[in-house]
Every structure is written in structure tokens, then in C-alpha cells.
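As recorded in TrEMBL, the features of this protein are as follows:
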ACT_SITE  Lys184  active site, proton acceptor
ACT_SITE  Glu191  active site, proton donor
BINDING   Asn104, Ser130, Gly131, Gly132, His187, Asn188, Tyr192, Lys262, Arg289, Arg446, His452  substrate binding site
DOMAIN    180-468  domain '6-phosphogluconate dehydrogenase C-terminal'
Amino acid sequence: MADTYDFGLVGLGVMGRNFILNVADNGFTAFGNDLDEEKVGALITEGGDTDKVNASSDVKTFVNALTTPRKIMLLVPAGKVVDIVIESLLPHLDKGDIIIDGGNSFFTDTDRREAYLKEKGINFFGAGVSGGAKGARRGPSIMPGGSREAYQHVKPIFEAVSAKYKGEPCVAYLGPKSAGNYVKMVHNGIEYGLMQLTSEIYDLLKKAGGLSNAELHQTFGQWNEGRLQSFLVEITSEIFEQKDDLGDGELVDKILDKAKQKGTGKWTSQNAMDLGIPVPTIDVAVSMRELSALKEERIKADALYDRPTPKTVDKADFISKAEQALYFAFIITYAQGMHQLADASKEYGYELELGEIAKIWRAGCIIRAALLADITDAYQANENLENLLLSPSFVEKVKETVDAAREMTAYGALNGIPLAGLSNALTYFDAYTSSRLPLNLIQAQRDYFGSHTYERVDREGIFHTEWEDN
Ligand code: 6PG
């Protein structure tokens, strides 16, 4: 057993246990803490063959076992529990110690905690950790925000345990205050968008293309070998071959079509609205989860309305266009998320480097994808890029695929297949690339009924008209 330990972790659920074992695998000593004696025991047993891991349910024993400045990561549920754990640690800490919240905390909570702990001389980090339980064990993407100086103490451990993309660690200091939690929130918003789009393409391939689960497995598997290569496409392929161990056939067909959510996608949308940045593909992904939850109402409504029978398609051509449409819509979703990050960085003083963020998303996290290498290049070529759609390399990618996105969207509309994400991505593209939109009419209406004034295209100034009311 070590005398003192390099790293402390509170919350020995699956994520916490896996993270601590990952720390130990990388040559650091680590001490765990959880109120639940069983979880403490489980970690000691699992980490028992090394002299690197220890644990206790007693907070004082835990804190005293750590090398100063102490580096204590919390992997506990977001919300009140984080505050409770912080309060339980505080009496035992020394100035300069570091607490890292690795959960999906709301960014304003992180700002509040950071300010509170700063007064006490404690450094607080909000660090998004992505990659699920497997990622925590084998290498997650980590998104830390907080004090740049204090990060130097955490850096060697985080760089060692994080996922690697071609040898480069998928972690970087992102910015002050809640920068890390904010970036993780938008990561999850993008995750919602990509998942919604994947489910729509599945619907198209199944209902119109007539693909069986075996064919869906093969199709997504092939796509994962190409430009759509990504964690989500990879697991989608695997999902289609999972057999149901409680009955016949594949499990996917037995899963209730009500998607749950813990809130990070909704927060992304809500905050984008506050900032005034459009992220409609993410918004609609949240709405579709809400709509999916209305199962009983949907069943009643389904009985009241006819639905067109999907028209026969040329299977090979349809699959190829579905691939293009998905690629197009993935690009649009990343573009919206990155746009939100760029604006939030100015609003909240995060000083985010979007190229760095894309870089640490290339491996380990849920939204990792081949596309992120291209996104990294685009922001490295121009760090002030306002929107991915303005990057020359993305202009080419979009031009190649937008026609298929139009065709698929039209097919869905005519054949009664809801494509909320895809159609929204297309609308976003068409609107963002329109130098003239019809919103001059909205300005006229506002001025007509409320004297809200308008600007003109041909001269400077603010105008109001006494509209003729006949
Ligand atoms: C990750 C995930 C992770 C979690 C999601 C699930 O990056 O590892 O995003 O944080 O699985 O938050 O979110 P919902 O329950 O809201 O779908």
C-alpha cells in the first residue's frame, strides 16, 4: 500500500470505479471514497492485485490519504449531491487543494461553486467526462474548465488516463469557470442531434428501403468504414444484431419507443435560445424525445389518420442517398453546436479555442467521428470561423450531399415518415445560406400592429410607418 495517494475519487459507481482503475493502470496511486461500504469493498477487491488502489467510506481517512495539493474528483449525480459532497470534504481540506466535478452539472451551478470555493482557497473544476462506463475505464474525452494554474497539477493524470487520437490526449484545459461543463453540455446537445438523425435514417431504411435488421447491421457497418465513421454509427450497426434473450428476433424491435433524457440536451437548447444562436436540429431532437414520450396519445391519433404507404424505391440507390443525407445532417449538427460554443465563449468569457475542442472530441467521447478531424482542421485553418458552413473544405462536403438530403426529406414528407432532424438540418442550411429571407414581412407586421419600427435595405436609420388600415 502507498503512504499517500496521487488522486482521490468520490463516488464509486460504475463510472467512478472504472475511472479510478484507469488512473491506477496509468501508474498513479488512487484512493476512492463512497458512503456505500459495498462499493468501497468492490473497488478494493477489483484493484487489489495492485498496490495502487485503496478506498474508504470515511471522508477524513480519504482526504488524509491524499498527496497535497489534493486532487479530488467527484463522479456523483449532478445537482444537490455535488454540494453535499463538497460540504463533507471542506472541513478536511487545505488551501490550494483541487476539487473536480466530473458529472454533467449545469454550468451556472459550476460558476456558483467555483466562486464559493475560491473564497476558501480551494480550486474547483467542472470537467465534462464523456465516453460512458467503457470510456472511463479505457480512456474518456475530458473537458476541464477552471483555474489554468491549478490545472497543471491535474494535467499529467488527465493526459495519461484520457483517450488518445493518434497519440494525442483527448483532454485540454478549455477555459476559466464553467467552460468545461458548458462544452460538455453542448457536446451532449450535439449527441442528441446525431442520435435523432440516426433514428430517422433507420426509419427510412426500414420502412421505405425494406431493410431487415441484418441488412441494417450490414449497412451501418459499411458506413462506419467510410466518411460516417463514428462511435454512434458503429454502435448502431451492433445494436441491429443483438438478439433478444427474452424472446425471438432482435432486441431492438422489442424496445419501447419512448426516449428518456436527463436534461443536458434541453439545457443546450434553452441556453442557445438565451444566447440567440439557432440550433434547430438540437432543439428538435429534444422535442422528438418529448413527442416519443406521448405514446398513449400517439396510439389514439394513429387510429384517427391515414398514413401513405411508402412508395417503392430502388434499394441500392436509396441506401446511398440515405448515407449522403446522414452525412450532410451530421455536418449541420456539428456546425450548430460549434456556433453555439463560439458565441457562448464571448458571452461568458471562456476564451474557448474551437480547434482544441474538436481535437479532444476526436476520440473517447460519444460524438467522436471521422468528421471531427476535418472540423479540427477547419478551425485550425481559421480560428475565427463563424460557422463550419463557411469553411472551404465543408462547402465541398455539403455540396456533394445536400441534394440527397433534399430527396430524402421530400420522400419522408410525401410518404408520412417523420424526419424532424433531417428536414430541420436542411431548413437551417437553406436559411443560413440565403442572403435574403422573408423576415422583412415580419418586421412590417411588427411595425404595423405595434409600431416596433424597422430598418431599411437602402438607407441607415430606424423607421416607422403609419400603415394604411383600410
Ligand atoms: C457521455 C454521455 C453521458 C450520458 C448522457 C445521456 O458523453 O458520456 O453524454 O454524459 O450518457 O448524458 O444523456 P440522456 O440521458 O439525457 O440521454
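Glycine residues also receive a Cβ, built from the backbone N, Cα and C atoms like all the rest.
Mean per-residue pLDDT, taken over the domain '6-phosphogluconate dehydrogenase C-terminal' (180-468), amounts to 98. For Glu191 (active site, proton donor), applying a Cβ distance below 8 Å and a minimum sequence separation of six or more within one chain yields Leu232, Gly265, Ile366, Ile367. Each residue contributes its Cα atom, and for Gly131 (substrate binding site) and Lys184 (active site, proton acceptor) those atoms are 11 Å apart.
When the recorded positions Lys184, Glu191, Tyr192, His452 are checked against ligand 1, Glu191 have a Cβ within less than 6 Å of one of its atoms. Cβ crowding, taken as the number of other Cβ atoms within 10 Å, peaks at Tyr192 among the binding-site residues His187, Tyr192.
In the three-state DSSP classification, Glu191 (active site, proton donor) falls within a helix. Arg289 (substrate binding site) and Lys184 (active site, proton acceptor) are 20 Å apart (CA-CA, integer value). For the binding-site residues listed here (Arg289, His452), the lowest count of other CB atoms within 10 A around the CB belongs to His452.
Of all the Cβ atoms in the protein chains shown, 24 others lie within 10 Å of the Cβ of Gly131 (substrate binding site). The sparsest Cβ neighbourhood within 10 Å, among the listed recorded positions (Asn104, Lys184), is found at Asn104.
Mapped onto three states, the DSSP output places His452 (substrate binding site) in coil.
Counted over all residue pairs in Asn104, Ser130, Gly131, Gly132, His187, Asn188, Tyr192, Lys262, Arg289, Arg446, His452, the record's binders of substrate, the longest Cα to Cα distance measures 49 angstrom.
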